[in-house]
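**Student:** Shown below is the structure under consideration.
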Amino acid sequence: LSGLDPAQPYFQGTPIEVRLDKSDAEFVDVIHTDSAPTIPYLGFGISPAIGHLDFYPNGGKQMPGCGKNPISQVVDLDGIWEGTRDFVACNHLRSYKYYSDSIIYPDGFLGYSCASYDVFETGGCFPCPKEGCPNMGHFADKFKGKIKNDFVKLYLNTGEAKDFPLWRYKVTVTLSGKSKVKGYVNVALYGSGGNTRQHQVIKGTLQPDNTYTSFIDAEVNIGAVTKAKFLWNNNWINPTLPKLGAATITVQSGENG
């Protein structure tokens, strides 16, 4: 039984007979996309974990792509009806959009078991444990026999628009060069499954010999890494023409470590 952002008003905090609960089926998975409090945020979705697996994409409260300005949202690519509906209940409706995308991407939407979204964002709970991570959506039940805890809260990030799944990688860069500069470093990953766009991994002071770590939510499952592209920019014209390189770039996949 899959709960797609089950309702908060009149249901949250009620007895289990009234609302969705893990006792309702052999396996209950829940996608929480609009779990901010109803007042003042107009959150329509329930926030506590109530299933065997509870997924909180993007933290479960505010979905990327839902903060677009009302005009661009109402005159949506999918038409005025879809746009108007999204303007009124965009976060709430993301749950079924993620679910339908999960059918097309059986390896997508890996949920990382974590104490909170903040811990997930800072790289705690990465990579997946040896039994793997469950997939949010249609294929969540593949994880049925592996659940050890009473309630499992799972976190992940998604894209702003279709296609929604993202694949998480940890990228560690050790810089080489002669002098420190200010600026930013971008890395693009190439692999047997596809290539990513450039992702910013460092911004600020770039110090040669220092090692910097960042997490990339890539729009493609790159598979086996074949190449990494390193680009840096110092944002302003520097007459000394400083040079900066990458001594090493290490890429770790969240899926298999």
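Backbone N, Cα and C define each Cβ position, glycine as well.
The following feature annotations were taken from TrEMBL:
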type	residues	note
DOMAIN	167-257	domain 'PLAT'
**Student:** Give me the DSSP three-state residue breakdown of the domain 'PLAT' (167-257), ordered helix, strand, coil.
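**Tutor:** The composition, in the requested order, is 0 helix, 59 strand, 32 coil.
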**Student:** Taking the domain 'PLAT' (167-257) alone, what is its mean pLDDT?
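**Tutor:** Mean per-residue confidence for the domain 'PLAT' (167-257): 94 out of 100.
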